[in-house]
Amino acid sequence: MTDTRRTDAVLLLVALVWGSSYLSAQTAAAALPVLTVLFARYALSALACLGLVGARRSRWSRDELRAGVPLGLTQAAVLVVETYGVAHTTAANAGLIISLTIVLTPLLDRSGHPGGLPPAFHAAAGVCVLAVGLLMSGNGFHAPRSGDLLMLAAAGVRAGHVALVGRLTTRRAVRPVHLTAVQTMVGTALFLPVAAADLPELGRASGATWAQLLYLALLCSVFAFLAQTWAVQRTSASRASLLLGTEPVWAALVGVTLADDRFTPLTALGAALMVAGTYWGQAVERRHRGAAAARMPEEPSLRPGMPAGPPDAPRRNSPATAQAGHK
C-alpha cells in the first residue's frame, strides 16, 4: 500500500469510527443516564491521554492550559447536547444533522474570509438547512422530534467550539495530545459531581455497555483524534476534508444496517441534500480561503518538517478539517 493510500485509509477509518459513534452513544444512553455515560467517556479518555502524556515525559505549557480549560468547557457542552439529542432520535439523523457544523463553522470563524463569504457558500448552507427540514419531517411535515432539535443545537454549539479552537490555538505552541488531556480532565471534573449518584449503576453495567463506553472513549475520542492528527500532516487540507466529510454517510449506513433506522423518501432526499450541501460548502469555503491566503503576505510554514512550535503541534487547516478533530 502506498503512503497516499495508507493516509486515505486512515482518514476514512476515522470518518467511519466517528460515524458509528452516534449509535454507540445511543446504545450506551439507553442503558445508563446520559450524564453517567459522559462521565465514563471522559474519565476513560483522560486516563488514556494522561498515559500518553506521561510516556512523553513533558509538562503542559501555559498555552496548553490556557486553551485547554475553556475548550474543555465548550467541548463538554457539545457532548451534553449531542448525547441527549442522539438518545431521542435515530443514529442516522443524528450523524446527518450534526454535519451542519461544516457550513456553520465558517460563518463563525471569519479569520480566513476577509470581506465575508461568497454567495455560493450561503446557497450551500441553504441546501443544508432544507436538508435538515426534510430529515426532521419523517413521513410528512410535522413538529420535529426533540432529538432532532437537540442535534441541530449541537451543530451550532460545535461550530462555536471549533471557531474557539482556532482562536485559542492559532500561532501558539499547542501539542494535540496535551491539549486533549486537559480537555478530558476538565470534562471529567465537570461530570463527576452530577454523575456521582449513579456511579453504583455504572459499576453494575453489563459487559456490552462497558464495550460501548470503551469504544466511545478509546476509539471515537483518543484513537480517532491521534489518527487524524497523524494523517492530516501527510496530506492536503482539501483531501483530508473530503475524506473526513464522509462521516455523515457512515452514520447513515451504520444506522440503517445496524440500528434498523428507516429512510422515507423525504428523509432519503434530506440525507442526499445534506451530503451534497456540505461538500459544496466545503469546496466553496476552501477556494475562498485559498484565494484570500494568496493575497496575504506569506506566513511561516506549518508543513511537516517545518513546525511552528513543538514537533507534534497541529496544523491550521480549514474549519471543515479542524472540526472533525473535536468529537
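The backbone N, Cα and C atoms fix where each Cβ goes, glycine too.
Residues annotated as domain 'EamA' in TrEMBL: 9-109 (among others). For the domain 'EamA' (9-109), DSSP puts the residue distribution at 87 helix, 0 strand, 14 coil.
As annotated by TrEMBL, domain 'EamA' applies to 147-279 (among others). Helix first, then strand, then coil: DSSP counts for the domain 'EamA' (147-279) stand at 112 helix, 0 strand, 21 coil.
Annotation source TrEMBL lists region 'Disordered' at 290-327.
Tertiary neighbourhood of the transmembrane segment (35-55): same-chain residues 25, 28-29, 76, 79-80, 83, 177-178, 180-181, 184-185, 187-188, 190-192, 194-195, 198-199, 201-202, 213-214, 216-218, 221-222, selected by CB-CB distance under 8 Å and a gap of 6+ residues from either end. Summarising the annotation, TrEMBL assigns transmembrane segment to 35-55 (among others).
Among residues of the same chain six or more beyond the transmembrane segment (91-108), those with a C-beta under 8 A of the stretch's C-beta atoms are 19, 22-23, 26, 82, 85, 117, 121, 124-125, 128-129, 131-132, 135-136, 147-148, 151-152, 154-156, 158-160, 162-163, 245, 247-248, 250-252, 254-256, 259, 261, 263, 267, 270-271, 274-275, 277-278, 281-282, 285, 319-320, 322-323. Annotated transmembrane segment per TrEMBL: 91-108 (among others), in sequence order.
Through the fold, the transmembrane segment (120-137) approaches residues 93, 96-97, 99-100, 103-104, 106-107, 144-145, 148-149, 152, 264, 266-267, 269-274, 276-278, 280-281, 284-285, 288 of its own chain, all at least 6 residues removed from its boundaries and within a Cβ separation under 8 Å. If you look up TrEMBL, you'll see 120-137 (among others) marked as transmembrane segment.
Per TrEMBL, the feature transmembrane segment maps to 177-197 (among others).
The feature transmembrane segment is assigned by TrEMBL to 209-228 (among others).
Under 8 Å from some Cβ of the transmembrane segment (240-259) lie the Cβ atoms of residues 8, 11-12, 14-16, 18-20, 22-23, 26, 90-96, 98-99, 102, 228, 231-232, 271, 274-275, 278-279, 282, 286, 317-318, 320-321, 324, all in the same chain and six or more residues away from its ends. According to TrEMBL, the feature transmembrane segment maps to 240-259 (among others).
If you look up TrEMBL, you'll see 265-281 (among others) marked as transmembrane segment.
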Task = Would you kindly list the residues that approach the transmembrane segment (177-197) from elsewhere in its chain, counting only those six or more residues past its ends and only Cβ-Cβ distances under 8 Å?
result = 33, 35-36, 38-40, 42-43, 45-46, 49-50, 52-53, 56, 58, 60-61, 64-65, 67-69, 71-73, 75-76, 79, 169, 221-222, 225-226, 312
